[in-house]
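These come from Swiss-Prot:
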CARBOHYD  Asn99  N-linked glycosylation site
CARBOHYD  Asn107  N-linked glycosylation site
CARBOHYD  Asn112  N-linked glycosylation site
TOPO_DOM  159-166  topological domain 'Cytoplasmic'
TOPO_DOM  188-194  topological domain 'Extracellular'
TOPO_DOM  225-238  topological domain 'Cytoplasmic'
TOPO_DOM  261-291  topological domain 'Extracellular'
TOPO_DOM  316-338  topological domain 'Cytoplasmic'
TOPO_DOM  358-371  topological domain 'Extracellular'
TOPO_DOM  392-441  topological domain 'Cytoplasmic'
TRANSMEM  135-158  transmembrane segment
TRANSMEM  167-187  transmembrane segment
TRANSMEM  195-224  transmembrane segment
TRANSMEM  239-260  transmembrane segment
TRANSMEM  292-315  transmembrane segment
TRANSMEM  339-357  transmembrane segment
TRANSMEM  372-391  transmembrane segment
Amino acid sequence: MEDAWEADALEAAEAAAAAAQAVAADAPTTTPSPRTLQRQRACEALMEGDAPDAAPDAPLRCAIAWDGVNCWPETPAGALAVQPCFDELNGIRYDIRQNATRMCYSNGTWRNYSDYVHCRELVEAESDEDAAMAFVFFVGFCLSLVAIAVAIWIFLYFKDLRCLRNTIHTNLMATYICNDATWIISAVVQEYVENGGLCSVLAVLMHYFYLTNFFWMFVEGLYLFLLVVATFTGEKVKLQIYIIIGWGIPGVIVVTWAIIKHLGKTAPDNAGESHPMVLLIKHCPWMAEDYFDWIHQAPVITVLAVNLVFLFSIMWVLITKLQSANTAETQQYRKATKALLVLFPLLGITYILMMQGPMDGVAGHVFRNAQALLLSLQGFTVALFYCFLNTEVQNTLRHRMSRWRETRTVGGGRRYTLSGHSKDWSPRSRTESIRCLQHRS
């Protein structure tokens with residue numbers, strides 16, 4: 001009975017310690033930190049001075065031992081050795097208030113591994129600035145969600161607004177909804193729930209929707225480039241091609257990244273601190289940055305670089321056209337500046353401006369807060385410029401309100417539906433997305 005109990009206890013202890021023992025197993029394959037080497041040298045000095053007791057009636061004991069992570073003291077046979085957790089390992093700080101254990105068998109030998117299951121990484125307290133930035137991101141994403149949801153409803157409800165250009169806008173706005181919503185869900189869930197499986201799913205979804213956002217920005221840039229710069233219209237490129245670019249390619253990239261990251265089993269590095277989009281995510285190794293992340297980071301950088309080329313090309317055509325027009329120079333500059341500012345959020349140029357900046361002092365504080373504000377309100381800005389301030393949208397809404405008031409004045413003699421209407425009054429400028437480009441010949 002006692003043997004059965006001992007076997008069950010041993011099996012349970014081995015199962016509980018299996019995951020934690022990976023720390024000790026990895027130690028020989030990584031370069032030990034100076035603190036770990038210091039502990040090892042101190043332990044080796046103790047082992048050299050630990051002379052074995054040659055007395056025949058001396059009780060069995062386990063000698064001082066170094067397991068690659070911690071130093072275990074001399075322990076009587078059949079006893080469980082208890083040691084405070086190491087304070088540091090491979091540059092990561094651990095909670096020394098918790099304990100690690102190692103069994104000394106009745107024959108005076110150590111168990112092959114130690115139990116570090118209770119040794120947890122110390123989580124630094126969130127600074128006031130980090131909390132403020134997280135709040136800005138949260139509020140900005142919520143505002144963007146509301147604005148984009150209204151904009152998408154307008155584009156889908158009113159048939160007069162259904163065209164390839166607005167369909168592209170709608171898909172871009174949909175990526176903002178998915179991206180912002182996933183970030184909010186991740187922030188809330190990871191704040192209160194520690195679940196490795198859920199963390200992995202949220203990480204993959206966040207990276208996918210983050211990528212789709214940039215690829216639909218690329219689609220916007222490609223469409224405008226074909227419309228304004230190229231010799232043929234962007235309407236000749238079918239919507240299906242844009243959908244494959246915007247939704248399909250990011251899926252292939254993220255699946256590839258997820259498989260390689262899972263197989264690589266890399267350790268967390270900086271806990272994703274450099275990525276503003278995961279500011280609130282905690283205890284989630286999948287959010288940690290490593291060299292595998294270049295699989296999805298390189299396409300983002302490429303998209304932004306290509307969109308920058310698109311922007312220069314479009315602005316060159318616009319400025320050339322304005323210079324040939326009979327308008328005052330001040331008015332030309334005003335129109336060019338307006339077009340440039342409108343294109344910034346659509347093509348993701350804001351991300352380029354916020355990619356690098358000062359990190360220390362007052363300048364760093366201002367930059368980080370500006371980064372949080374601009375990036376979280378990116379979706380709101382797109383909805384504002386390309387829906388709420390769009391001439392075509394305003395005319396559509398104004399026309400519907402006018403018709404609705406007329407029917408109420410008449411007394412509602414016939415039922416009028418907002419979606420049943422004529423399309424002959426609505427402007428159909430191919431370059432309505434940039435109103436100052438309307439008169440391109």
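The backbone N, Cα and C atoms fix where each Cβ goes, glycine too.
Keep in mind it's a predicted model, so treat the numbers as computed, not measured.
In the predicted model, residues of the topological domain 'Extracellular' (358-371) average a pLDDT of 79. Here the transmembrane segment (239-260) lies next to the transmembrane segment (167-187) in space: the count of CB pairs under 8 Å, restricted to residues six or more apart, reaches at least 3.
In this structure, Asn107 (N-linked glycosylation site) belongs to neither helix nor strand by DSSP; it is coil. Comparing Asn99 (N-linked glycosylation site) with Asn107 (N-linked glycosylation site), their Cα atoms are 24 Å apart once rounded.
Pairs of Cβ atoms less than 8 Å apart link the transmembrane segment (135-158) most often to 372-391, out of 167-187, 292-315, 372-391.
For the transmembrane segment (292-315), the residues of the chain that approach it from at least six positions outside its boundaries are 207, 210-211, 214-215, 217-218, 221-222, 224-225, 228-229, 249-250, 253-254, 256-257, 260-261, 264, 266, 336, 339-340, 343, 347-349, 351-352, 434, judged by C-beta separation under 8 angstroms. Within its own chain, the transmembrane segment (195-224) has Cβ neighbours under 8 Å at 164-165, 168-169, 171-172, 175-176, 178-179, 182-183, 185-186, 189, 234, 237, 242, 245-247, 249-251, 253-254, 257-258, 277-278, 283-287, 296, 299-300, 303-304, 306-307, 310-311, 314, 343, 346-348, 351, 433-434, counting only residues six or more beyond its boundaries.
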